[in-house]
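As written in TrEMBL, here are the features:
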BINDING   Lys82, Leu83, Pro84, Asn85, Ile86, Ser87, Asn135, Gly582, Ser583, His587, Arg598, Trp599, Asp600, Arg647  NADP(+) binding site
BINDING   Ser132, Ala133, Val134, Asn135, Pro136, Val137, Leu138, Arg139  substrate binding site
BINDING   Arg145, Arg545  D-threo-isocitrate binding site
BINDING   Asp348, Asp546, Asp550  Mg(2+) binding site
SITE      Lys255  site 'Critical for catalysis'
SITE      Tyr418  site 'Critical for catalysis'
Amino acid sequence: MSQAKIHYTLTDEAPMLATHSFLPIVKGFTKTANIEIEVPDISLAGRILANFPEFLKEEQRIPDALAELGALATTPEANIIKLPNISASAPQLDEAIAELQAKGFAVPNYPAEPKNDDEKAIKAKYAKVLGSAVNPVLREGNSDRRAPKAVKNYAKANPHKMGAWASDSKTDVANMNEGDFYGTETSTTVENATEFKITFYGNDGSSKELKGLSPLKAGEVIDTSVMNLNALRAFVQNAIQEAKDKNVLLSAHLKATMMKVSDPIIFGAIVETFFKDVFAKYGELFKSLDINANNGLADLYEKIKGQPQEAEIKAAIDADLTNGPRVAMVNSDKGITNFHVPSDIIVDASMAALVRNGGKMWNKDGAEEDTIAIIPDRSYAGFYQAVVDDMKENGALDPTTMGSVPNVGLMAQKAEEYGSHDKTFQATADGTIKVEDANGNVLLEQKVQKDDIFRMCQTKDAPIQDWVKLAVNRARLSDTPAIFWLDKGRAHDREIIKKVEKYLKDFDTTGLDIRIMDVKDAMRETLKRAREGKDTISVSGNVLRDYLTDLFPIVELGTSAKMLSIVPLMNGGGLFETGAGGSAPKHIEQFLEEGYLRWDSLGEFLALQASLEHLAQTQNNTKSQVLADALDEANAKFLATDKSPGRKLGTIDNRGSHFYLAMYWAEALAAQTKDAEMAAKFAPIAAALKESEEVINAELIGAQGKPQNIDGYYKPDTYKTYAAMRPSTVLNEIIDGI
Ligand SMILES: NC(=O)C1=CN([C@@H]2O[C@H](COP(=O)(O)OP(=O)(O)OC[C@H]3O[C@@H](n4cnc5c(N)ncnc54)[C@H](OP(=O)(O)O)[C@@H]3O)[C@@H](O)[C@H]2O)C=CC1
Ligand SMILES: O=C(O)CCC(=O)C(=O)O
Ligand SMILES: [Mg+2]
């Protein structure tokens with residue numbers, strides 16, 4: 001048997017900590033099936049170092065693990081377990097760079113406003129690290145996300161807390177009615193393979209190439225749209241007034257990490273409109289200090305530190321916060337508002353949390369209040385409004401009875417808006433931005449005013465076909481109705497509908513209930529069915545995939561970390577994402593403060609099971625199938641015995657949950673009869689773990705309750721992190737002895 005490989009990614013924050021405890025277990029168990037576990041470092045710090053070898057000493061240089069994994073993802077051998085990673089906002093990138101520099105890595109500062117060609121080159125390299133820079137590289141397939149039956153049943157039996165929705169809740173979504181991406185979108189399908197370029201033509205006769213010639217494949221859907229900044233600012237002003245009039249909180253919900261070019265600008269426009277007198281009065285000073293509203297208040301406070309006007313500016317900001325509507329808080333204990341950091345308000349998680357919480361967010365005193373939720377663009381605002389309306393009309397959903405909403409999402413090869421960063425530009429003057437082919441024929445064009453955001457998106461045909469196939473398969477396999485969520489009001493979706501209707505004919509859909517519905521209707525129908533306890537597969541584009549796979553799991557299961565999240569790669573490999581949620585920065589904070597990590601690794605367990613099964617099938621490795629089946633049993637027992645970390649000190653945390661998983665996995669391996677060698681191997685391990693249960697728990701729980709020092713946040717010390725995450729010598733001895 002040749003040695004098979006699983007690539008288990010090293011990422012950031014809570015999942016990175018969890019990996020230090022779980023990886024030794026994974027390595028120990030899988031080596032019995034001759035599987036090698038590789039651990040590519042795709043952490044934010046690792047990605048920065050990999051991109052700047054010329055600034056580093058020889059011994060500090062590391063290979064570009066992400067690029068290597070991206071290449072691997074296009075091959076049939078790929079078997080990658082991908083944990084959530086930081087998608088860095090500009091302030092996070094600055095922090096990570098500062099930490100690396102302090103540790104002796106001479107990487108350059110991030111030049112937000114490059115002043116010469118050298119800085120431009122550095123900025124271009126950092127563009128590969130900023131924002132959502134990992135997932136789009138690895139996602140060479142569409143996504144299949146669902147709560148496995150055992151997980152769903154567990155949630156029904158052990159429901160999480162749900163906030164009640166009042167029928168007179170004042171919570172509402174505020175969106176633009178014109179001048180947004182939705183209203184301006186134009187779209188076309190390219191018949192034959194060609195090339196395109198993007199050029200700005202100024203009303204003054206000037207022109208500037210924004211993007212040089214790039215390929216277009218036959219059948220590709222392309223679109224352009226524009227967000228008019230004047231319309232955006234006017235809309236924000238109205239939303240501020242609305243929140244004030246209704247006497248509720250004001251909150252903003254964007255995706256500045258994934259939409260890393262457009263959404264920080266939109267965030268900045270919201271911040272600048274809210275504090276418009278401050279930005280008008282201190283504009284010159286802010287400019288000289290490189291303060292940009294797009295980076296939020298935290299960055300502003302940092303940069304005015306020590307300035308003669310510091311106190312006066314802070315007072316002016318406080319006055320606006322007092323006079324304006326109350327602003328929703330990210331962390332009321334620490335005084336962190338919704339306007340502090342663009343990456344703190346990630347719409348997929350934040351709106352889901354709002355729905356789970358009876359429509360309420362937190363004010364500065366930590367009390368819950370209704371809110372006006374700013375979601376400027378109608379492309380997605382309407383579907384959140386549909387949820388809010390449904391909750392007001394019918395009350396909160398009931399996790400003990402509600403049906404499940406799995407998702408089949410179009411995302412391969414950077415489909416749709418989430419692949420648009422390299423084609424998103426802010427207009428520097430009034431004019432027209434044209435998408436032209438190599439011969440100058442105009443494919444699409446948009447009129448822009450200075451500061452407007454122009455965006456072009458691509459969606460390749462092969463991923464669309466694969467997505468339709470995946471939807472039909474999932475509907476068949478789970479015998480569940482599937483709804484394509486597409487909006488006839490959007491030019492892009494009208495092109496996609498044509499393709500879906502065409503490609504559905506390629507498959508046998510007899511007996512299946514497959515529908516194409518408008519997004520808002522799809523939401524209403526899905527919620528109605530969920531309330532009746534019925535499951536419905538949502539089949540959606542890339543952005544809705546992201547939003548729906550946090551919204552429903554967070555309502556159904558309490559967190560999207562418990563999702564099974566599979567990406568069948570188009571060339572035959574497998575990418576197994578862990579959960580559908582993020583890297584839970586507040587979990588690492590709690591761990592550093594009190595030695596308790598409440599990150600739930602169920603997503604990792606589920607992904608590992610799927611990865612082992614994929615390996616068994618593609619490499620004909622029967623031992624891997626034995627491992628996968630035993631892990632499946634272990635996962636079920638893990639849920640049945642409720643060994644997930646609690647929320648509080650003194651109960652088993654992430655490390656304790658790994659111990660139980662290892663014990664149940666070893667027990668299942670010892671008990672199975674398909675592979676006698678493995679049964680014999682794991683019988684003493686299972687016995688040793690069981691025998692030491694009390695001692696191990698005492699060691700693991702005994703390690704809690706004190707601050708942890710792992711020497712860093714973005715690049716902690718490996719040795720210290722292992723020590724912190726593996727505090728049980730008894731457990732370590734058993735695992736390391738496998
Ligand atoms: N696939 C990826 O790589 C993704 C990465 N991200 C990145 O993650 C970071 C934070 O994003 P954000 O969206 O705020 O998400 P978080 O990681 O903060 O998750 C939001 C909330 O979900 C709950 N949660 C998530 N994962 C777990 C888990 N394993 N165990 C228990 N609870 C969990 C917690 O909620 P509660 O406190 O209510 O229990 C948590 O506060 C950002 O850098 C973002 O870019 C985000 C999404 C996906
Ligand atoms: O890549 C990211 O930044 C986040 C990804 C995400 O939220 C998702 O795929 O659900
Ligand atoms: Mg998401």
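From the backbone N, Cα and C atoms, a Cβ is placed for every residue, glycine too.
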> Got a sec? Which of Pro84, Ile86, Arg145, Lys255, Tyr418, Ser583, the recorded positions, have CB under 6 Å of any ligand 1 atom?
Replying inline: Pro84, Ile86, Ser583
> Expressed to the nearest Å, what is the distance separating Asp600 (NADP(+) binding site) and Asp550 (Mg(2+) binding site) at their Cα atoms?
Replying inline: 16
> Looking only at Ile86, Ala133, Val134, Val137, Leu138, which of these binding-site residues has the biggest number of Cβ atoms within 10 Å around its Cβ?
Replying inline: Ile86
> What is the total of other Cβ atoms whose distance to the Cβ of Lys255 (site 'Critical for catalysis') is within 10 Å?
Replying inline: 28
> Going by DSSP, is Asp550 (Mg(2+) binding site) part of a helix, a strand, or coil?
Replying inline: helix
> Restricting the comparison to the recorded positions Lys82, Lys255, Asp546, Ser583, which residue's C-alpha is spatially nearest the C-alpha of Leu138 (substrate binding site)?
Replying inline: Lys82
> Setting Asp348, Asp546, Asp550 aside, what same-chain residues sit with their Cβ within 8 Å of the center of the Cβ atoms that define the Mg(2+) site, listed in sequence order?
Replying inline: Ile346, Val347, Ala349, Ala352, Arg545, Tyr547, Leu548, Thr549, Leu551, Ser560, Ala580, Gly581
> Just how many other Cβ atoms lie inside 10 Å of the Cβ on Arg598 (NADP(+) binding site)?
Replying inline: 20
>> Any of the binding-site residues Lys82, Pro84, Asn135, Pro136, Asp546, Asp600 with a C-beta atom under 6 A from ligand 3? Give them in order, or none.
In response: Asp546
> What three-state secondary structure does DSSP assign to Leu138 (substrate binding site)?
Replying inline: helix
